[in-house]
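For reference, the structure is listed below as structure tokens.
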Amino acid sequence: GGLVKTGPSWSLPGECSWRCLVFYLCFYGFMAQMRPGESFITPYLLGPSKNFTQEQVTNEIMPVLSYSYMLVLVPIFLLTDYLRYKPVLLLQGLSYVSVWLLLLLGRSVLHMQLMEFFYSVTMAARIAYSSYIFSLVRPARYQRMAGLSRAAVLLGVFTSSVLGQLLVTAGGVSFTTLNYVSLAFLTFSLLLALFLKRPKRSLFFNRGAPLHAASPSELGPMRPGPAPPRELPAARGDNVLARMLRELGASLRRPQLRLWSLWWVFNSAGYYLIVYYVHILWNVVRPATDSARVYNGAADAASTLLGAMTSFAAGFLKIRWALWSKLVIAGITAAQAGLVFLLFSSYSIWPCYAAFVLFRGFYQFLVPIATFQIASSLSKELCALVFGVNTFFATILKTVITLIVSDKRGLAPPSDPRQPLTRPPCAVISGAFPARRPVSRSLWGSHRPSPRAAGLRSEVCVWRHLSTQH
């Protein structure tokens with residue numbers, strides 16, 4: 001029943017034990033998403049329980065999330081690998097508990113700002129879950145683990161949103177009680193994390209023997225062509241960070257990588273600005289005077305379900321990307337910008353809900369395609385690093401926009417609460433495709449696609465898989 005070494009990976013002997021490990025990990029991933037009160041945090045803060053003003057939530061509390069996330073993202077990324085995942089999972093669990101304790105017990109703006117800081121820690125620590133589970137199994141099982149772990153997370157988010165909506169609408173449960181339910185679920189998931197096994201190896205700092213070559217995956221049919229370049233060697237005794245930076249510099253010479261990384265930075269920045277501020281917009285359009293008529297949970301559940309369907313469908317889309325990529329990206333990006341404009345201009349809650357659901361569905365459709373394009377020519381180490389750098393630059397862009405248009409200390413604090421939500425994201429999303437145009441001609445004229453192994457997507461796509469579900 002103990003762990004046995006199998007090359008670079010660690011797995012439990014016997015098919016039954018392996019299935020038990022997979023079940024436990026997926027169950028933990030499911031329970032960690034059970035936060036039925038999350039969809040209703042904004043009306044809770046603006047309601048009689050906390051009685052914060054619209055300006056306090058928009059201009060003083062919410063901006064802290066962007067600032068603190070930018071500060072903790074890189075340290076937690078490095079600590080996740082250095083400490084071998086489990087301690088960061090425990091940190092995430094403790095931070096979630098701290099978030100809901102502050103929500104329930106906090107009374108001042110400072111308490112809510114501290115709550116936003118702990119929530120930023122949970123966001124940055126999402127990488128630990130996917131990285132952890134793939135460090136425990138052989139490369140041959142990466143693809144299966146990727147599907148199972150993603151399904152567990154999506155099912156948890158969907159179930160949490162549906163449960164929250166049912167408790168509020170059908171059960172008449174108050175937002176305060178809903179947050180106590182969320183705290184109970186999160187405490188249970190923290191206890192589950194205590195019993196997780198700690199891996200012996202990680203991707204960068206605890207590599208040990210060279211990683212096994214990964215097995216073929218569903219990426220192969222999408223990216224036929226010659227084999228990708230070999231991984232860059234790492235000399236013994238080299239500083240790990242210095243080696244990572246050298247490899248990153250070499251990878252940036254690839255025009256394909258530059259193009260899709262630009263898309264990732266711009267579109268992710270706009271996406272998360274929408275996710276951060278859309279609940280405030282909904283409260284503007286329909287103030288939460290009657291909690292039974294607040295359908296934020298239903299909108300989050302529908303957007304999660306549609307996002308899962310479009311993301312899944314993207315994996316089976318077989319077109320000549322060298323020919324049609326620009327058209328697909330341009331069309332979807334224009335549709336996203338149109339949906340953001342609908343959010344901005346509508347004075348009915350139902351078009352706002354529908355626009356948000358479709359917006360997330362479009363984003364979830366393009367993200368796996370961008371992931372395939374970026375990962376196809378990189379080693380696992382470089383892929384993890386590139387996704388981390390892209391996420392960091394998207395965070396910087398998002399933070400700068402927040403500072404300028406949302407923070408009360410910004411250059412032009414908006415008088416209209418819709419402005420921080422819609423105008424910057426609309427500009428960012430609309431500009432994402434034109435920003436790519438200067439490099440697209442050289443890319444699509446000379447690109448020769450190449451296949452890549454399953455381990456790429458499963459180990460490093462955590463930079464977008466978990467975060468995009470929220």
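Glycine residues also receive a Cβ, built from the backbone N, Cα and C atoms like all the rest.
Just so you know, TrEMBL annotations never went through curation; they're auto-generated.
Range 294-315 is the one annotated as transmembrane segment, of 8-29, 294-315, 316-337 (source: TrEMBL).
Matching 149-171, 425-447 against TrEMBL, the residues noted as transmembrane segment span 149-171. Given the ranges 61-80, 361-380, the record in TrEMBL names 61-80 as transmembrane segment. Using the rule of three or more Cβ pairs under 8 Å, pairs at least 6 apart in sequence, the transmembrane segment (177-196) is not in contact with the transmembrane segment (262-282). Packing against the transmembrane segment (61-80) from elsewhere in the chain are residues 45, 52, 87-88, 91, 109, 112-113, 116-117, 119-121, 123-125, 127-128, 131, 202, 205, 276-277, 280, 388, 391-392, 395-396, 398-399, 402-403, 406-407: each is 6 or more residues past its ends and has a CB under 8 Å from a CB in it. Among residues of the same chain six or more beyond the transmembrane segment (149-171), those with a C-beta under 8 A of the stretch's C-beta atoms are 25-27, 29-40, 129-130, 133, 177-178, 181, 291-298, 300-301, 304-305, 308, 465-466, 469-470.
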